[in-house]
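Here the structure is laid out as structure tokens; the discussion comes afterwards.
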Amino acid sequence: WIMGHMVNAIYQIDEFVNLGANSIETDVSFDDSANPEYTYHGVPCDCRRWCKKWEYFNNFLKALRKATTPGDSKYHEKLVLVVFDLKTNSLYDHQAYDAGKKLAKNLLQHYWNNGNNGGRAYIVLSIPNLSHYKLITGFKETPKNEGHPELKEKVGFDFSGNDNIDQVAKAYKKAGVTGHVWQSDGITNCIASFIRGLDRAKEAVANRDSSNGFINKVYYWTVDKRATTREALDAEVDGIMTNDPDVIADVLNESAYKAKFRIATYDDNPWETFKK
């Protein structure tokens, strides 16, 4: 999965997919009542990027629905996965459940079209704080309560705080999650990737590939350089988040990687661990 980073303005959906992304990451900020409000990152953000692009969340969802609904004039067949980077650090821990519920209601109405030929992309909810695990509970209960239990098949989870992998496992246990797990690892592109290294990403990959691991997919962020792309591919991650999708696409075309990796399509289940 080539994951376009910080796609917060509607026009950027086309821009990133046209550069080679089959997945996008979108920031979601919340108001004081735990309602998702804007697709907005704010300052600071990655180097060489404008941090302040935004839309109202529901307007973005409607545009995203069009981009992922077959037959729509804005449809992109290859856009198959969307990561919502949930900026929940502005919320109190006790608001996490409500935030999940309200997020699900917004998606149900504006993205899934109340279960009537809505957008088809798989969704990853990326949560920065392990203590906000109840967001998952609130989110999962909502489609079920609204008569659309099938939509839970479209949703997976990620804790994005670079926490200890064992602690992440405990948070999922509390949330009752037993699958659909993506694990992110990384650092802003402003800091050279060699300073962080890939040790934790490799630890996540080892968990993914072990018989008793809880992780299904691993992605590394934010990668804009060819050398770092190669290192991440050598570590056998499933996804790379980038500001420059064309760079990742170029490296995937190199002879060393062409035979081993391919771009994921809608038929590739993002919740299944890839078996070599």
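Just so you know, the numbers here start at 1 and follow the chain as drawn.
Placed from the backbone N, Cα and C atoms, the Cβ positions cover glycine too.
Of the cysteines listed (Cys51, Cys190), Swiss-Prot assigns Cys190 as the disulfide partner of Cys47. Going by what Swiss-Prot states, the Mg(2+) site holds Glu25, Asp27, and the candidate of Asp85, Asp93, Asp98, Asp158 recorded there is Asp85. For Cys190 (disulfide bond), the nearest of the recorded positions by C-alpha distance turns out to be His5; the candidates were His5, Asp27, Asp85.
When secondary structure is read from DSSP and collapsed to three states, Asp27 (Mg(2+) binding site) falls in the strand class. Glu25 (Mg(2+) binding site) sits 17 Å from Cys47 (disulfide bond), taking the Cα positions as reference. Within 8 Å of the centroid defined by the CB atoms of Glu25, Asp27, Asp85, the record's Mg(2+) site, lie the Cβ atoms of His5, Met6, Val7, Asn8, Thr26, Val28, His41, Val83, Phe84, Leu86, Ser126, excluding the listed residues themselves. Straight-line distance linking the Cα atoms of Cys47 (disulfide bond) and His41 (active site, nucleophile), rounded to a whole number, equals 13 Å.
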